[in-house]
Amino acid sequence: MERIPSLASLVSLLIIFATVVNQTRASICNDRLGLCDGCDQRCKAKHGPSCESKCDGPVGMLLCTCTYECGPTKLCNGGLGNCGESCNEQCCDRNCAQRYNGGHGYCNTLDDFSLCLCKYPC
């Protein structure tokens, strides 16, 4: 006799799969908040109830560190004018790196028109 998976089994597998995929996208971040006075309350106020706080460091200089789940870095786009003879691909990348912290640039060409476009964390 062949077993037919029930709808509940399929839904359960889908939920488990979605949870695992979502966990792999999340990263662990740390935020140092200075001295330990009210560390747990400050962490939870800034990063939500699921964060963890700890105080560590040398005696007399304990510092508050919050550990929390953070998502992938969001990328923004910007433009820095035209690409061409005066500014090639390397020039565009260099200009984007100078203008936007962590930025990278590339020349996007459509027909005879070429723009310097930047991607950077925001």
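Using the three backbone atoms N, Cα and C, a Cβ is placed for every residue, glycine included.
Only one of CYS76, CYS116, CYS118 is recorded by Swiss-Prot as the disulfide partner of CYS96: CYS118. Annotation in Swiss-Prot places CYS92 in a disulphide bond whose other cysteine, of CYS66, CYS70, CYS116, is CYS116. The disulfide bond recorded by Swiss-Prot for CYS76 joins it to CYS122 [selected from CYS29, CYS122]. In Swiss-Prot, CYS66 is paired through a disulphide bond with CYS43, chosen from CYS39, CYS43, CYS91. In space, CYS66 is the closest of the disulfide-bonded residues CYS66, CYS92, CYS107 to CYS55 (disulfide bond), judged by Cα positions. Every protein chain considered, the tally of other Cβ atoms within 10 Å of the Cβ of CYS64 (disulfide bond) stands at 21.
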